[in-house]
Amino acid sequence: MYKRRGCLISDKKIHNFIIRKGFRMERYFIKKEKINHIDNSISGYEKAITMSSSLILALCIDRFFIDKYWGISVPIFTLVALAFFLWSVKSIGKEESSVLNFKENNVLKLTILTSMILIAITFVLFSNRVLAFFNTIFIIGTFTAYAIIKTNRDVLEDACILKKVIERLIPRVFANFLKPFMFLNELIKKMSKIEVNSEVGKVLKGIVLALPILVVILILLSSADMIFNYYLSMVFTIFDNFQLFDLIPHLIVITLFFLYIFGFIWSFKYEGIYEVSKTKQLFNFEALTVMPVLLMLNVVYLIFTVIQFSYLYGGGSAVLPLSFTYAEYARRGFFELVTVTVINFTIILCTIKFMKRENVKLEKYNNIFLSLLIIFNFNMLFSAHYKMSLYENTYGYTYLRVFVHIFMLLLFILFTIALLGIWVKKIPIAKLCIISSIAMYVVLNYINVDVFIVKKNIELYNRTQNLDANYLGHLSYDTLPYLIQFTLNDNSEIGKELKRKLEDRTETVLDKQYNWYEFNYSRYKGKKILEKLE
């Protein structure tokens, strides 16, 4: 026995601790040895191509995206990056390479790939700045998810895809962050071993000898011919505005993105090394333990539903407590309702996955309770939708309110999938939920939320004479035809205020020049409309 800080530690505990530590160290060194073996087995040509391609992508990021307007550059860069990735993993997952092979993982892979391309195209078609931020995250996430599924067909069998994406984007990338320096060092060492009398050495010697001769000849030719001197001087004007301090930030950006892109791509060379063996499910819920939880939840939601029918669905005919106005009653608790449905959905999924199924009778009862819980959640979703609609009819439409409606529709679809999965065991609930969520997000991008908001707010203005001109004036270019038409037909103070907002925007849009890679159809169309008004 050993004494440490007043506590007795048994020999057995020390022995077990040493064994665990030794096992981890052994596993670490085995993993390290496998990684070194893979690095050494890959040809210098493939390493050079991977580094060159990563550098080109990093240069594209600096040229197309840093302090630039994101437009057609986004789908172009996405496709180029995808092509480079597919080349780099061409030897991995060949049996899964066909997108027309409609197995479960291939359908999910095709959905992710298609959605990524469609979202990238939105940077060309639309100009919604709010969605553009989330679309950037979506493209990075779906690109990574597609890469993982393509190279590891069992990824959805043993772990959450979101966890895999985060692992790939952060720890796996930084584990390979400095590999380019190691490979460059190897390349330099190989180059230094080239003999001077070899063919490569002779070529290098010839280049060195030719440089001073070329300098003398260029000087003489420029003196002999004025036209040649003019074009030669034009070449060197490129460096007239060269500023070292302007170059440093670009070099930092290019270097960081080069290292990150290389680390991301190179991490797929080690597929299978980082994967841990499948472990048994850590915990399960007894069916008898789950039953009272579901029963109590259903009782609470039954009472809540009765009250909802009394005060909300009655159209306000019932007397509201505490002198609430009907609009205020509709506004209060809306987000809480949505939160409750999300919590319930989590409970339902956990019950389906972790509940023990040893007793068929208890399982059947729990399935009934789960189904009732889903039905009550349908009611809460409809209640939340109804409350938000009442609130919008008084205060108008915004991004947040429309997005919440879409989210509630998604929850309705997910609950429906869960309801079917409770009774039909073959339904892959998790994969269908992922596919439905991705599809809903793509739909959200293509329904043109800005135009919907403007149309609905103008309709509301015709009834209430209330309009947030400042909010509408900052929406995307797609709304310009509707806003201009409104200002032409309305001479009120609101119409004049909105007209001033559009005039300020006109000056900003018409004065700025855009590069070809910044092309955006929505902005282009809006600019043409504004030019006609000038």
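Positions of Cβ are set from backbone N, Cα and C atoms, glycine also.
Summarising the annotation, TrEMBL assigns transmembrane segment to 69-87, 107-126, 131-149, 209-232, 247-266, 287-313, 333-355, 367-386, 398-422, 429-447.
Using a cut-off of 8 Å between Cβ atoms, the transmembrane segment (398-422) and the transmembrane segment (69-87) share fewer than three residue pairs, counting only pairs 6 or more apart in sequence. Taking Cβ pairs closer than 8 Å, the transmembrane segment (333-355) reaches residues 281, 283-285, 287, 290, 293-294, 297, 363, 366, 370, 373-374, 377, 380-381, 383-384, 387-388, 391, 404, 407-408, 411, 414-415, 418, 421-422, 429 in its own chain, all 6 or more past its ends. The transmembrane segment (429-447) makes contact with the transmembrane segment (131-149): 3 or more of their CB pairs lie within 8 A, with pairs spaced 6 or more apart in sequence. Within the chain, the transmembrane segment (247-266) has long-range Cβ neighbours (under 8 A, six or more residues past its boundaries) at 50-51, 53-55, 57-59, 61-62, 66, 84-85, 88, 144, 168-169, 172-180. Below 8 angstroms of C-beta separation, residues 70, 74, 78, 81-82, 85, 89, 105, 108-109, 112-113, 115-116, 119-120, 122-123, 155-156, 161, 164-165, 168-169, 264, 268, 438, 441, 444-445, 449 of the same chain, each at least six residues beyond the ends of the transmembrane segment (131-149), sit close to that stretch. When Cβ-Cβ distances below 8 Å are used as the criterion, the transmembrane segment (107-126) is approached by residues 70-75, 78-79, 96, 99, 132, 135, 138-139, 142-143, 145-146, 149-150, 156, 431, 434-435, 438-439, 441-442, 445-446, 448, 450, 476, 478, 519-522 of the same chain, each at least six residues removed from its ends.
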